[in-house]
Amino acid sequence: MSATFFAGHDGLLCDLDGVVYAGGGAIAGAVETLSTLQERGVPVGFVTNNASRAPESVAEHLRTLGVPAQAGQVFGSAPAGVDLLEETLGRRTGRVLVVGSAYLRAVVEERGYEVVASAAQRPDAVIQGFDPGLGWADLAEAAYAVRAGATWVATNLDTSIPRAEGIAPGNGALVEAVGRATGTAPVAAGKPEPRLFRTAAEALGLARPLVVGDRLDTDIRGGNAAGFDTVLVLTGIDTRETAAAAPGPDRPTWVRAHLPALLAGGAEGSADPRRG
């Protein structure tokens, strides 16, 4: 392992979209890098804002690509969103309109809430997470419920997601549509909130993990806020130029071209003048 990156670090917390894969396919070198790290005994966790898939589904996808992964290594924004929902409501009872995936609905139901299908059923809360099948009618129901006074929680606020074909709208873009219609904003879980990183680190027994991601406003900001060193890789959303211009909270400890550069050591310059 590269001494440049892993001296003083006891594991890796890695984003997925734009770091390990884009769409359904692996990014060049990512599978081999993650396999090598785990063969060397480095604990690896996957921290994702994708609220549409269960941890086992994510782990299965990773295994299909060739990455050794188990559900216990995957930490997503759907459970984080439901944690925030529970905190905001102050109870595990009530009606919740779920604007998102079947997995998000299942997590809400597992916590004891009654899932409803429309604003006409007078939900106490709306929870909104990404699902590629969402349409105008789903967003309209969310807007009706929020306008009627329902508590509004978003699993995450990523405005875009990298796909094999290019950059596509993310959950944050859909949340913004509801916000424009209602004149309000949700409380949000997931990255860049530091809790998701700390939860992952605690679950894996890590005190000083290295956080790797492709987005300054989620991965890097959240890793920094959690008190961890961060690496921006240039295989997704942000660039060397945006990193150099980023404000302090969004400024990565290092910038590297891709995940394999973690093993190579010194392929790219740092965005932080304190680090080489």
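These residue numbers are counts, starting from 1, taken along the chain as shown.
Any Cβ shown, glycine's included, is placed from N, Cα and C.
These numbers come from a predicted model, not from an experiment.
Binding of Mg(2+) is attributed by TrEMBL to Asp15, Asp17, and the same site annotation extends, among Asp131, Asp138, Asp214, to Asp214. Across the fold, the C-alpha of Asp15 (active site, nucleophile) and the C-alpha of Asp214 (Mg(2+) binding site) stand 8 Å from each other. DSSP assigns Asp17 (active site, proton donor) to a strand segment in the three-state reduction.
Sequence-distant neighbours of Lys191 (substrate binding site) (same chain, six or more apart, CB under 8 Å from its CB) are Asp15, Val47, Asn49, Ser77, Asn156, Asp158, Phe197, Gly213, Arg215, Thr218, Asp219, Arg221, Gly222, listed in sequence order.
Other than the site residues Asp15, Asp17, Asp214, same-chain residues with C-beta atoms no more than 8 angstroms from the centre of those residues' C-beta atoms, the Mg(2+) site, are Leu16, Gly18, Val19, Val20, Thr48, Pro162, Gly213, Arg215, Asp219, Gly236, Ile237.
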